[in-house]
Amino acid sequence: MGDAPSPEEKLHLITRNLQEVLGEEKLKEILKERELKVYWGTATTGKPHVAYFVPMSKIADFLKAGCEVTILFADLHAYLDNMKAPWELLELRTSYYENVIKAMLESIGVPLEKLKFIKGTDYQLSKEYTLDVYRLSSVVTQHDAKKAGAEVVKQVEHPLLSGLLYPGLQALDEEYLKVDAQFGGVDQRKIFTFAEKYLPALGYSKRVHLMNPMVPGLTGSKMSSSEEESKIDLLDRKEDVKKKLKKAFCEPGNVENNGVLSFIKHVLFPLKSEFVILRDEKWGGNKTYTVYLELEKDFAAEVVHPGDLKNSVEVALNKLLDPIREKFNTPALKKLASAAYPDPSKQKPPAKGPAKNSEPEEVIPSRLDIRVGKILSVEKHPDADSLYVEKIDVGEAEPRTVVSGLVQFVPKEELQDRLVVVLCNLKPQKMRGVDSQGMLLCASVEGVSRQVEPLDPPAGSAPGERVFVQGYEKGQPDEELKPKKKVFEKLQADFKISEECIAQWKQTNFMTKLGFVSCKSLKGGNIS
């Protein structure tokens, strides 16, 4: 059996791959005297996704460093955060979290017997804790409470009082769990500094705070439980993992906001200390990297292709997910998963008839599912001389068939392999016997001779990337636009091409995360 790690080695294990440590000198002093007591808490809201492997890998580091580790399932916090977890589902979601987090830890070889698991409501409803909540509320300003939760608590126009209580409860958890340190994402920083300011006001000591970086989602932004395309669920099927990775932003040579590279850096490398790029012999064969920066350097130099990177991540990720899928393949856990996260489409529909005081539906651009597409093939419609039948990759498992009236305006060879902009949530429509599963959006100018140009997404775009109107990127598109409600038609009335050839809605630009959607030359044109 090897020697116990020295205080310096423990410090290295505890702090490696962290973005920031608050209270490092205090941490060093504790490690000279005894083992560190640390906790990680997770509010039991949306389904945990693969980015949760980041804290799991750090928990493995803490155990290697001899730390006493507590995992808190913060059920009360989940309810306080704008009721992200309804009260009637709170117990079910907490049970789901406990089972899935334990399955994750087992899949990376973490011994569960060395961990302490606790629910927030096991102690947060006690007389002593409740009294401290009141004591804290007497010294905390509304401004500080709101500021502390800004990165974590859901921000709404008229915030509930519960969201202002959230940071205070998280601060008190440090005292009631009797720990030296709290570990969390860097998005928790304002809550951590809030705790450092206010716990001493109650006579409690200031704790050490350890922060890991936030892993970008597959779309390049923060990986989020509420943004479906940005994350891979722990129970996603292999085909879903493949589909989501295929749509992930991973531009050749671009290492900025690259969710695929970031996942390798913060999850796969810490767990395995190496990463293997799988590729055909004709492209150089497999290559093993033991230093992440070497892989990043090769990707930046385009020695490693995005396709090979994604395929290699897919294989490595499925090895982590297989034990979790297997564990949840039992009747009891399948029932738990469906009960904790009921399918909204299967909920009981509201009673027929107009609801009293119902508000009209908002007609806003985020209701449109517009995506970057790549035309894989173009053929003349067999029964219509003016129509093309295109197969377009829009980031799904199979390409979509789209019929468009471009024969008179755009040569076939200009469309082949072209990146285009496709409206994907129109109701499929038969066009001269062929089902069209989308609309290829184009700019047009009427006149003596009508001119039409397909809209162009920014250079470097990938099929499946979302196209949105600036300022409306957060909303979820309708599953399918209902023809009778004419949502697209109402919005289209304000579509226009600017003098700079940028596609706009009410003078606000259409864009992707890489830049603006444009056309070649039709200034002032319409969009259809």
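Cβ atoms here come from the backbone N, Cα and C positions, even for glycine.
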Q: Can you match one of Gln19, Gln188 to the L-tyrosine site that Swiss-Prot gives for Tyr39, Tyr166, Gln170, Asp173?
A: Gln188
Q: Have a look at 222-226, 342-346, 457-461 and point to the one annotated motif ''KMSKS' region' in Swiss-Prot.
A: 222-226
(Q) According to Swiss-Prot, motif ''HIGH' region' applies to one of these ranges: 44-52, 143-151, 278-286, 359-367. Which one is it? (A) 44-52
Q) Out of 236-241, 242-247, 446-451, 482-487, which range is noted as motif 'Nuclear localization signal' by Swiss-Prot? A) 242-247
Q. Restricting to the same chain and to residues at least six past its boundaries, which positions have a Cβ under 8 Å from a Cβ of the motif 'Nuclear localization signal' (242-247)?
A. 218, 229, 232, 236, 260, 310, 313-314, 395-397, 462-465
Q) Quick one: DSSP breakdown of the motif 'Nuclear localization signal' (242-247) into helix, strand and coil? A) 6 helix, 0 strand, 0 coil
Q: Just name the winner among Lys197, Lys490 (the modified residues) by count of other CB atoms within 10 A of its CB.
A: Lys197
Q. Any idea what the Cα distance is from Ser386 (phosphoserine) over to Gln170 (trans-resveratrol binding site), rounded to a whole Å?
A. 64
Q. Using the residues the record lists for trans-resveratrol (Tyr39, Gln170, Asp173), what whole-number Å value is the largest Cα to Cα distance?
A. 11
Q: Quick one: pull the CA-CA distance for Lys482 (N6-acetyllysine) versus Asp173 (trans-resveratrol binding site), whole Å only.
A: 48
